[in-house]
């Protein structure tokens, strides 16, 4: 058996924690003695059984001692009783040469040491066990630490009342944390919704009676039965406030100029706040959230300043009229809240793997408050952003989304007693023939999504490589100015995007005065087809304006997504799809009106009932376009029927979303978020992907063939100065620890940060530590020395790193990285270290096989 595997077997049998060894822990040691002899050294608590080798071999290969535990003697060593530790090396001796027996009483001591090992974390230097910025976490290591801590708490619960209370608090701390996150996320979302609604109306005018009211709230007190373009007598436009009450060209020009000025002011404030106080507050945040939840560290991305600036900047950016939404950034805001609250509970704040359980629940709450869709939020977290989603995280995500939705409903930011943003009430069922236009909308949504993804990625790549990236404020102001100038003349681009979606989703009633509802209705005959009457000139004009709006929205959103302000993508995608759907719906409606007796319409349009609804097509088109951009499926369908309150249209939504995904995947499998992850070089391995490669581990490991040797640290022959030279001359995240440079037998793995902190702490706290002091990763000195005080760093050594052989298929290696959450694996052959494979090596290999630039992977 290989040395590495034997050590892991010993630790698994004895039960010691690999990161926090106790006084009974097993160690490797070179000893002198006659060949093949067994030496026993009995002390008060243990017996050492030592296998020794002749001096003709190098000292590194003269292993080794196995320190048994308990009070055993040579008479106890029988092959027929107890558990045995087999230490085998086929070069020197047989598997049956060395064994030791552990008595039942010793087993109790071992278990006690294993449980108390959780408290030994406090003995380590501050910062050990944590991760550096822009580094990948080790899921297995963090989960093992949490399990050890949990066992220690459970063991202590029976000792005192205080320990019982502490254990109970630890058991409920996860639920308490997600409760606080849900409450805070709902409250923050309510404030953002109210502030956004007020500031976006500020570009058009103000309510003199109460300036803090938005236009809709101001008009609630109006006695007008009808008001055109959402204006009423109580609401004053800016020309009216300036004393100009006539509706002529000058009034239009004044409104035009002030609209552009307000847009520039809001956009300028947003980018200045982001640029000055929180650079991480820009963008959607979902690509980075996905990467963070996969185990990547980005310090400050979920901090308090990012939370504040993202919230304020989101209000300003949406109010400026830029083609963006606040729904994606709300997920980032909720995760910021989750990160902040997690530090109130050390169980999550000090363990990066456990913290991601809270962040997964927070992302569900973010979608819940963004769309009023708590179930869709849970599914969004599961399908789109979360990397590790155990069953308890599912329950807590559901609870967090529920609490957030309840708080938002209590605030009632929309003032309509509805939690959903675009509540609709369609009164009819859909016809079977309508599946054809629904699928066509899905195809169109996939095409629009593909055009948007490719165009936006090319523009963002150009921004990164050119001088444009050095002038983010100028870019934001230019895009805001162009957006405002082009948007104002068109009614459908001037109005707020959320209001436009609400208008496109709505049905036309008798009292509607908008252009979309300009039908030649017959009010004299109750049996006439008034609900599907012939389209008037207003409808035809609307079709032209909507076509221009679709082209403009698609083009301007390509340049807007990715600028240095909070930019969401859900609402722009929904509005593009809703425009397509409304136009297709109007076409189907007029076809049914002019040919009501066609068999495909099943006679449903021959009466006064509304047989076709263009608003339904708008809803299906919105889902199709959003699916084409993000490649979501199940969660998107649930979000859409929660968003509109229309549960009976699940089948049309499913058909359109699946068609959209198939078409989009035909032109590229990456959605917009995965494309931005790839563009930014984040180390993200999608656990839902299937990888089929024929290479072996030796083909992708470091070092490659014909390259220099791997940088390693020996267990007992390097000094403080030599290790510090290694740290200065390399930038590796960790170092394998071997027996010697000659043998390269693997002992364990030590992280760079832990090694740096431990050496610095030893210099400060231990007397006699100098540059010539030996650094030991063993329990004992290799031989009596009279030199400077040695530095023992066995506690920071991971003696059970994940290892593979050089003949392991790359497909298996990728599965290990995806499903175990590894940051590196060590490649061995017959116990000797050959190389190391990091996540960066895997990603570069995948890119190389995909004819992409492997150097685009920037982080490990």
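Placement of Cβ uses the backbone N, Cα and C atoms for every residue, glycine included.
Looking at 522-542, 543-563, 564-584, the stretch flagged in TrEMBL as transmembrane segment turns out to be 543-563.
In TrEMBL, the annotation transmembrane segment applies to 330-346, one of the ranges 279-295, 330-346, 500-516. Annotated by TrEMBL as transmembrane segment, the relevant range among 201-223, 224-246, 431-453 is 431-453.
Given the ranges 111-133, 134-156, 249-271, 594-616, the record in TrEMBL names 249-271 as transmembrane segment. Residues 358-382 are the range that TrEMBL records as transmembrane segment, among 83-107, 358-382, 633-657. Of the listed segments 473-492, 673-692, 693-712, 713-732, TrEMBL assigns transmembrane segment to 473-492.
In TrEMBL, the feature transmembrane segment is placed on 172-192, out of the ranges 46-66, 172-192, 739-759. Simply put, out of 172-192, 305-324, 358-382, 473-492, 543-563, 543-563 has the most Cβ pairs sitting under 8 Å from the transmembrane segment (431-453).
Helix, strand and coil residue tallies for the domain 'CBS' (701-765), in that order: 24 helix, 17 strand, 24 coil [DSSP]. Beyond its flanks by at least six residues, the transmembrane segment (394-411) meets 174-175, 178-179, 181-183, 185-187, 189-190, 193-194, 334, 357-358, 360-362, 364-365, 367-369, 372, 374-375, 377-378, 381-382, 419 of its own chain at Cβ-Cβ distances under 8 Å. Here the transmembrane segment (330-346) touches the transmembrane segment (172-192). Their Cβ atoms form 3 or more pairs under 8 Å, with each pair 6 or more residues apart. Using the rule of three or more Cβ pairs under 8 Å, pairs at least 6 apart in sequence, the transmembrane segment (172-192) is in contact with the transmembrane segment (358-382).
Remark: secondary structure over the domain 'CBS' (797-855) totals 24 helix, 18 strand, 17 coil, with classes taken from DSSP.
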